[in-house]
Amino acid sequence: MPADTQYRKIIHIDMDAFYASVEQRDNPELRGKPLVVGGLPEGRGGVVATASYEARKFGIRSAMSSKQALQLCPHAVFVRPRFAVYKEVSKHIREIFSRYTDLIEPLSLDEAYLDVTEDKLGVGSAIEVAQQIKQAIQDELNLTASAGVSINKFVAKIASDINKPNGLKFIGPSAVESFMEQLPVEKFHGVGKVTAEKMKKQGLHTGADLKKLTEDELVKSFGKVGRFYYQIVRGNDNRPVQPHRETKSMGAEDTFAYDLTEPEEMHTELDKIAQTVADRLARYNLKGRTVTLKVKYSSFKQITRNHSLTQPLGDAETLSRIAKELLAATGLDEVKIRLLGISVSNFGELQSKPKKDDAPEQLKLF
Ligand SMILES: [Mg+2]
């Protein structure tokens with residue numbers, strides 16, 4: 001790459017044995033013990049969501065059946081997951097991320113890509129940002145995270161795994177290509193067991209082996225993803241950090257200091273809320289086809305009404321107009337409204353499909 005290339009600064013942050021670490025943090029009796037968070041081994045179809053590092057020493061892994069885990073380590077302790085707690089912690093982690101950047105792409109509750117090419121605090125060094133984030137997670141949540149820092153998502157993600165737990169690994173621009181060359185094929189995320197076996201049968205064991213093949217040869221052997229392999233072994237991965245990837249809807253709402261009874265007041269509020277929603281959509285370059293109005297009455301009864309369009313939209317004026325029409329249709333005689341909200345969903349083709357290799361595995365188990 002030319003010397004004047006402006007490299008992106010990408011961090012992949014991954015909490016260490018997330019669910020298990022939270023449980024050990026909150027319950028001192030579980031510390032230092034082989035702990036399995038997930039289904040109980042007595043139950044049918046129970047699986048391991050997360051195993052503590054003590055449990056991993058016995059070969060216990062995520063997605064394994066809890067029965068098998070018990071066989072591997074008969075004195076393992078099993079606890080059920082507490083998702084409400086993990087979600088709270090996850091929210092706090094994302095708040096820490098947001099001090100540095102708005103370009104946050106969560107992959108699951110405990111994992112995210114951050115683009116800190118321009119960090120909000122002007123730290124400058126991505127390694128320093130990663131260190132500060134790890135420190136904040138330690139100080140504020142009493143948990144550890146591992147970070148990978150590089151110029152693209154692919155390498156950052158692999159890097160975060162290298163010095164786990166509590167690790168930080170930087171793969172700089174000049175090191176990326178040699179890093180990819182020595183990488184075993186099974187470490188390429190997106191390469192499943194079957195593909196890895198297929199590659200090995202063809203004598204392809206590392207990135208360097210893949211690099212000897214032309215793009216056409218790779219496509220012939222592995223299908224479309226061959227193009228991705230061709231680029232990635234050369235250190236090229238231009239996939240942007242996409243903040244909205246998990247977002248299915250975006251909106252805003254307001255609870256009022258006193259109940260609204262006059263349509264004029266409601267309209268004024270809807271104008272304000274529509275503007276907030278439009279600003280948010282614009283920030284993420286999103287437009288949606290479905291507009292939903294939420295109304296909560298003084299009785300706390302809540303209703304939603306939605307309207308779908310043929311064209312995606314995101315401007316404040318249209319949002320407000322549709323919201324007012326939906327509101328009028330609910331009947332406004334003698335109502336007292338304590339909350340109004342507008343959201344937009346159905347983003348359609350503007351939203352890229354989540355890639356299989358980035359699926360939040362831990363959540364799929366439940
Ligand atoms: Mg993790």
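A Cβ is built for glycine as well, from the same backbone N, Cα and C atoms used for every other residue.
Taken from TrEMBL, the feature active site covers GLU111. Taken from TrEMBL, the feature Mg(2+) binding site applies to ASP14, ASP110. The domain 'UmuC' annotation in TrEMBL covers 10-192. Residues or ranges marked as site 'Substrate discrimination' in TrEMBL: TYR19.
According to DSSP, GLU111 (active site) sits within a strand segment. Neighbour counts of Cβ atoms within 10 Å were compared across the recorded positions ASP14, ASP110, GLU111; the minimum falls on ASP14. Cβ-based neighbour count (10 Å, all protein chains) for TYR19 (site 'Substrate discrimination') stands at 28. If you measure from the Cα atom of GLU111 (active site) to that of TYR19 (site 'Substrate discrimination'), you get 12 Å.
Of the recorded residues, TYR19 (site 'Substrate discrimination') and ASP110 (Mg(2+) binding site) place their C-alpha atoms 9 Å from one another. Closeness to ligand 1 is met by ASP14, ASP110, these being the recorded positions among ASP14, TYR19, ASP110 whose Cβ falls under 6 Å from the molecule. When pLDDT values are averaged over the domain 'UmuC' (10-192), the model yields 94.
In three-state terms derived from DSSP, ASP14 (Mg(2+) binding site) belongs to an extended strand segment.
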